[in-house]
């Protein structure tokens, strides 16, 4: 698509990218033809519509649009119509129907029209042609005394007129014309060669124009008529042609046609003499007449032939209709239908050669045509069909063409011009022929009866062909390239060979070109053509006359002016020169016979001469022609490609300009409309948009909820439930649609009311303005009036004063002057009153006119505004309605598609789940069989061991018996000594093994004592810490006033640090967990104290507490990860069980309670899935915060160590480095940090160290502490979220061990808050032993009680009850183990199986254990070499719930395992 698409709502308005260079394939054309209702096999004549329609561009008012589902449709922005198919398809369907109707009606009445036209045109044509010829050839006066002899010419049989030797008629008739006016055939052939070149250039112009795509604007009536004629005339060309010629020859009346054709006969008196006239030196002016006439014919033909390709030159063509009529009218004479001179032997050969050349040229010409548009292809195909059909029907169509100039313009012009030339030949001869002509024509017209005449015609045809080929090489380069395609129409059909000779037609076609080519060929003809002296003289005269005619003819070559030039002025003098030589009364029968004999002799001589020259140069000319044709074909290809490329560029540029202009206009129009409407309808638009969005969102939500419900219940409901659901959806959609319609109507009503109110306000404001304007005008006029009156009064007073002064000076004249002045004053007052009255009337009239004008303008503005608002309202209503209906339809389609896809997906998933379930069941069965076989093997091995033990006891008893009887049986000592040694070896081996076991036990006991001593040391340290805490509490009480001064913003920034911490809260629980929580709580309170005092003492405590909290948070996250994994496993098992129940519920009878229970189960499962997703995101965030906090702690510690590095080495002796890890979950061991040290020792050592350290930089520590506060706050919120996502009520395991959980004080800091959840979840996770743990245990450590495993089962059963409120039939009813059904094994069953086989440690467990020990050894070495790492291990976890191993390094740096 071109340009950026425009979005209207959720619809995308696209632009069509029209490709001018696209050429559809034939298969695409056939498919499109079938789409618009064309049968390509039965209706090939309508295929041009398919070729045109498949590449037709989209109309301007139509635009392609795309909805949100991706479907493309077409929308008419003019009338609001939309459709799925291309708008041009319907248009071309109607065109197909119209064309089919035209073809059917024209085919039905064509035969009737032919007969009627023949009779009607006999009466119509003579007066028309006489008028036309009289107007164009007025100076020509021909006597009409030869009408009686012409009447006898009609009596000749039709075979003489339509035979292949019918040309002899013209030659024999011409032999006695105009008192022996004869000329050489070579001269006539030269002229024919010239006309051939002229016709070629005409065809070139026509082809080029059709290729440029200008043929799209041709006259449709003419094209339809030519198509009909070509279709109906192509079935039986030979038979129709013979019959039409016979009919024309038998029915024509020469008396009527002679009156109209005699001016044309004088005009073309030399045209037929070119073919068969002997040399007559006494008449040199006839060649000039012939050339001028041929040029006139060419010009007329150019003017008429350019119409199919250039409709814009119709005005030039209309300006000269008389020329066309003059050239067309003589075609009505049927006697000269085919005046070609060739024999039966030579004509087929030349026709084949010309046909080959024409086919090659046609192929070359068709290649670029295929690249043009479909309109150009249709026009070119139509023109080719017209040429062929008219060539077969030229005698038949001559009457209609002569009588109807409009049909003449629509048809091809080359054939009509040739017919006119032949008819003119016979018409010219008709006045000079009598009965002798008739007698001479009858034997010459029948080719089977007169062999001698056929031989003469053969010689004549050879001569004509020889001269043609001799004269064709010097043709101009353009004319040689253009003439073969033009003559192809006559050479293409072999059935016309016997009737019309193609070479003569080529020669006559070539006579229709411009005068420039004619003069050039005349000069070349003088140089190359070997002809008698008379012919040369005539050629020179003809060349001179052609040069005189040159300017007029060159004007005709120009495509813009070729019709406007009249050919009659150069023709008239030549025709006048022939007037006194054609009186038919002076000719006698003897003269005619003498002329015939002379003509026969001259013809024989010329034929022999031409045969010899033809045989010599035929091969050379053919080679030259082939070479030139190839060159011209290449040149034509290049020219046509260039023209096509330039046309494409112009069309593309025009399209782009038009698109840009349309976009600009549309944008201007839209911007104008927006600017006009925005001010008045912004609020309403927002309200409507909000309502629409709300309704659409509500509709979408309802649809989504319905889709989810359908997805959930798709597999458990049958067709009846689906139909019911569809009905409910339709009802809801109808209700929503009604609601939308109501909302839309409401919005429109509001908009209408607002517009009415605005209109009233505008009217009121306009009236107020008008009234104000009137008042202002009145006041201004009154003010002016008052000023005028006051000025007049002042003038009067001044005049009175002057008069009084004069009266005082001149007492004698006072009375007289007073009378005069009083009279003048009265006149002045009267004049002033009249002037004021007129002025007042004018002002009032002007006021009234202005008021009327303003009222009219106001009414116009109101009407215009009312119309604009109404149009805008209608437009918005239509847009909203269309948008809503389109949205509803789109949602319905999307809903149906989504339903179908969901149905298919559910079906596929169900199949996959069933297949997986079958595979899992098969695997579980295999595992059960494997376990059974392993159990059997173990039992067998145990039985074997018992048997071996029994045999060992018996052997020992036997050995004792042998020792008692040693003295008695000394002779057997040697035999039994060996047995005794073997027994002793076995005994020693057993003793050694027992000793090793004792040593291991002693080592474990020693380790236990060490650990107890460490515990005592830790208790002592805890007491010391308690004392230190009391001192710190005293200091905290002293600094209470500082804590009260902390601002509200700091409290909000760190809400989890609260200063009111009491030591009694820390003393409520004992043990290691108590120590952790106390230290962490104290670290939080000490951090608050540090923020005020910034003492290094508090910083070390802050660092210690944060380290403990960090490790606790890590452990909590690890426990949460394990819990989440278990919940995920249980969720997967529950989902599998739910799917199984759903499938069983569908297979069994429908029961709504069961379906409702399954729906509740599904909701619970979805809720659990959401909770797990939230837990994942929260844990991810917690991990990130832990990393940040650890980095900050490391930075703080490194800064502290840098401050203390210059104080000397660390005081105190570190205790032994050790690592303690929990074996309850070996899978997540690698992800945990094994750096756990003893915080009390570390804090005590740091306390001892801190006393001697100087104060730190407050700014750096304050920044790090502030970042730690923020991270701790975020981490607390994340851990609280994780705590809230877990089950609220702890499992029974937590109730059985209350002493081990620290109390949670609501006033304590949030850091211990997640310690409680940590303890709860650590206890929960530690209650689930795995096979790896039992492999480590190997029976030495304390066993977990059965209540622990039972607690895990209870917890999982509680989960199952939450997922399945209706009950768990698998757990309550099925006696099979849980592993076979739910995909996991219960803790009790794991304990039972693992205790049974604890002696056999798997290889994988040992390998994992060895790898872990090796990694821990390397880590211990790294810790030993790093002095900055913490020195003490963390306190052990409660022994009642955890089975712990401790790794340590002995004096040889080897790892030793201590279990406790």
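Backbone N, Cα and C atoms are what each Cβ position is placed from, and that goes for glycine too.
On a predicted model such as this, the values are computed, not experimentally measured, just so you know.
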Where does the phosphoserine label fall among 430, 566, going by Swiss-Prot?
-> 566
Between the ranges 1227-1247, 1248-1268, 1269-1289, 1290-1310, Swiss-Prot assigns region 'Disordered' to 1290-1310
Record feature phosphoserine (Swiss-Prot), assigned residue among 201, 735, 1380 = 201
Name the residue among 1224, 1317, 1386 that Swiss-Prot annotates as phosphoserine.
-> 1386
Which residue range, 107-135, 600-628, is the one Swiss-Prot calls region 'Disordered'?
-> 107-135
Look up 210, 779, 1443 in Swiss-Prot and give me whichever carries the note phosphoserine.
-> 1443
May I ask for the residues of the chain that lie six or more residues beyond the compositional bias 'Basic and acidic residues' (686-719) and have a Cβ under 8 Å from a Cβ within it?
-> 725, 728-729, 732, 736, 739-740, 743, 747, 750-751, 880, 884, 887, 891, 895, 898-899, 902-903, 906-907, 910, 1142-1143, 1145-1146, 1150, 1155, 1158-1159, 1162
Work out, from DSSP, the number of helix, strand and coil residues along the compositional bias 'Basic and acidic residues' (686-719).
-> 28 helix, 0 strand, 6 coil
